[in-house]
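J.: Dropping the structure in here first, questions after.
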């Protein structure tokens, strides 16, 4: 009897652990159907070397982070001459002279000495068929980002935080980099105190990507706008990309939130932009942006001029009826508080949504409260 009781307790404990590390929900939008590591037995890395190995091997894996993996000082530091194109005040970011960027593009900027952590400059390689998931709020990668490139596909990143990547130094590293990938779901991820981009999709095709329920925290001691508001938020620049952004909290930024160009179809739905010191969207040539059901609170300029791509900003109930033809439903109005205008209504590109997996949309009325409380590594 006692043996049976102990076995039952052990079984219950194992079941509880399994439940705690399983993926929550499923991807909406363009990355619908992504499975990551699927039913692979979960592994719990204990060291940064084990984490790098698990993420970079060729096995389907479910990788559970149950603590902070701190890469700071793991690859040494570099001291060299950089530049200060935004000024030398204590709150200003300065730039590493990566690929002679200072020399070629900022020749008149003051030269400054920079000392940065080498680990941050290039993210951890993540190969195909991986689920990377945090256990509660414990899963943190500090001082180094994630890098998915060169054909990687079928990846889920959920309920983790990526923090403290050379925050003083532009070109010091990105939190999440995608370039030439397909079927990637970034969900309930917090990014904070990042050198450059919180999320960047490079110039090669990134195909089907969903970014959901994530917290882009732009609050920092250093910024390119020298005001504590991070400029380098989200950059979508792929040559054939379909990106769903849903339920994200984009906070305390000053630009590129997101910057969209290349050949990118973006569906931005039920996101909450809050407390921006300048502008949110930059919509360049080759951008096709549908924005609906979002909330913009204290965003002085919602979209920077000029808008060179195409934008349907869901400006009115009558205008939004056109969405029924292409999305199978009307689009939701956006909500604004102490923010600039956002009313462009290009419609020719909406046909690009036909036959695609489209995220659902709720009214903006409940977005601010629900997103602010649930976005990021809160599972």
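Positions of Cβ are set from backbone N, Cα and C atoms, glycine also.
Residues or ranges marked as active site in Swiss-Prot: 256. Summarising the annotation, Swiss-Prot assigns disulfide bond to 83-102, 92-226, 323-331. Marked as signal peptide by Swiss-Prot on the basis of sequence analysis: 1-20.
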J.: Any idea what DSSP makes of residue 331 (disulfide bond), helix, strand or coil?
T.: coil
J.: Let me spell it out: for each of the disulfide-bonded residues (92, 102, 226, 323), count the other Cβ atoms within 10 Å of that residue's Cβ, using every protein chain shown. Which one has the most?
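T.: The largest 10 Å Cβ neighbour count belongs to 102.
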J.: Do you know offhand how many angstrom separate residue 331 (disulfide bond) and residue 102 (disulfide bond) by C-alpha?
T.: 44
J.: Quiz question: given the disulfide-bonded residues 83, 331, which has the greatest number of C-beta atoms lying within 10 angstroms of its own C-beta?
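T.: Result for the most crowded candidate: 331.
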J.: Sort out the sequence-distant neighbours of residue 256 (active site) for me: same chain, 6+ apart, CB within less than 8 Å of its CB, listed by position.
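T.: Once residues fewer than 6 apart are set aside, residue 256 (active site) is near 197, 231, 232, 233, 234, 235, 282.
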J.: Looking at the disulfide-bonded residues listed here (92, 226, 323), whose Cα lies nearest to that of residue 83 (disulfide bond)?
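T.: That would be 92, nearest by Cα distance.
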J.: Compare the C-alpha of residue 102 (disulfide bond) with the C-alpha of each of the disulfide-bonded residues 92, 226, 323, and give the closest one.
T.: 92
J.: Need the DSSP three-state call for residue 83 (disulfide bond) to compare against my parser.
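T.: The three-state answer is strand.
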J.: Where residue 323 (disulfide bond) and residue 92 (disulfide bond) are concerned, what is their Cα separation in Å, rounded?
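T.: Per the Cα atoms, residue 323 (disulfide bond) and residue 92 (disulfide bond) stand 43 Å apart.
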